[in-house]
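Here is what Swiss-Prot says about this protein:
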BINDING   Asp72, Asp74, Asp76  Mg(2+) binding site
BINDING   Cys73, Cys89, Cys96  Zn(2+) binding site
Amino acid sequence: MIEPEFKDGLLPVIVQDYETLEVLMFAYMNREAFDLTCSTGIAHYFSRSRGKLWKKGETSGHYQHVKEMRIDCDRDCLLILVEQDTGACHTGYRSCFYRTIEGDVVGEKTFEPADVYKN
């Protein structure tokens, strides 16, 4: 296995749908998230804002099943191809990239956040 380089303890990750190649999200992994992703086949990330590890889908049930992991030429960025359950974005869209810079919604809404993220 090619060992990634974690700059300041983090590794940028681009996530794409395995079949359509749609870009679903961008996140970071720390070493623990990387190791858990490799060992479980379910994507784990590190939340910079919350300062903690997170298993994608742990709250929503919208897991990312890892099909393939690719590393860039400098070994400092990952591309993960996943089978996405429902939507990747906490706002209810399939992709976090669901709108243009002008504000036009171009993505597919796949769930209502209020129905999923109940306190």
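Heads up, the Cβ atoms here are built off N, Cα and C, so glycines get one too.
Worth saying up front: this structure is predicted, and the values here are computed from it rather than measured.
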(message) Let me check the 10 A CB neighbour count of Cys73 (Zn(2+) binding site). How many other CB atoms are there?
(response) 6
(message) With an 8 Å cut-off on Cβ distance to the Asp72, Asp74, Asp76 Cβ center, who else from the chain surrounds the Mg(2+) site?
(response) Pro4, Glu5, Ile71, Cys73, Arg75, Cys77
(request) In whole Å, note down how far the CA of Asp72 (Mg(2+) binding site) lies from the CA of Cys96 (Zn(2+) binding site). (result) 22
(message) What are the sequence-distant neighbours of Asp74 (Mg(2+) binding site), meaning same chain, six or more residues apart, C-beta distance under 8 angstroms?
(response) Glu5
(request) Ten-angstrom check, please: count other Cβ atoms within 10 Å of the Cβ of Cys89 (Zn(2+) binding site), all chains counted. (result) 19
(message) I want to verify one value. Collapsing DSSP to three states, which class is Asp74 (Mg(2+) binding site)?
(response) coil
(request) Looking only at C-alpha atoms, tell me how far Asp72 (Mg(2+) binding site) is from Cys89 (Zn(2+) binding site), rounded to the nearest Å. (result) 24
